[in-house]
Amino acid sequence: MNQDELKTLVGRAALEYVPEGSIVGVGTGSTVNCFIDALAGIKERIAGAVSSSVKSTERLREKGIRVFEAAAVESLPVYIDGADEIDPHGCMIKGGGAALTREKIVADLAERFVCIADASKLVDVLGRFPLPVEVLPMAVSQIQRRFAKLGATATVREGVITDNGQLILDVQGLRIGDPLAFETEVNQWPGVVTVGVFARHKASVCLLGTPEGVKTLRF
């Protein structure tokens, strides 16, 4: 199976984690698009979705799925999203689609986080994929200097403005051995909206697409 077929496979597998009558948290990205397409097939059995991005909201509405604002719900039974990297403990790098802040907001509402990804996203240590960081424009240079002190290079993602009107720095040259400590530190830097390490909101389950089928990892 190619990568697109693996994404379709895990997108469909994630339906098993959607309770009947529920509002489901929906992430952002190409793998999530496959989940949204699958979700459309059972839309009569759910109340709707809370979306983490404008793009996902548009796709959900195109499929006839009702979209609720995050502020309108107190909790969600499940949040389903992809990952750019996931480690053996369920910690992730996310934000390749520039929706990391809203993804964390929706993930925080959810009782469990189900990650859907192909097998290439499973790594021993986070950091090979460029780490996205959402930042205020006036703080870009300061934050770049902070990462330089860590031996990393932070580059502004050209032509990208987040749904929150901010910029994305992509950081290369990191090896994140303690994701929780790293997330906590970077989130305290003035001007950082959020860093794309998901350790406080790590996956409960990962549905990993492999040539042999879906492999379920529980954390």
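Glycine is treated like the rest: Cβ placed from N, Cα and C.
For the substrate site, Swiss-Prot gives THR28, GLY29, SER30, THR31, ASP81, GLY82, ALA83, ASP84, LYS94, GLY95, GLY96, GLY97; the one candidate out of LYS63, LYS121, LYS149 that the record lists there too is LYS121. A simple way to gauge crowding: the CB of LYS121 (substrate binding site) has 21 other CB atoms within 10 angstroms, across all the protein chains here. Annotation note: ASP81 (substrate binding site) sits in a strand segment as assigned by DSSP.
Residue pair GLY96 (substrate binding site) / GLU103 (active site, proton acceptor) shows a Cα separation of 11 Å. When the binding-site residues THR28, ASP81, ALA83, LYS94, LYS121 are screened for a Cα within 10 A of the Cα of GLU103 (active site, proton acceptor), the ones that qualify are THR28, ASP81, LYS94.
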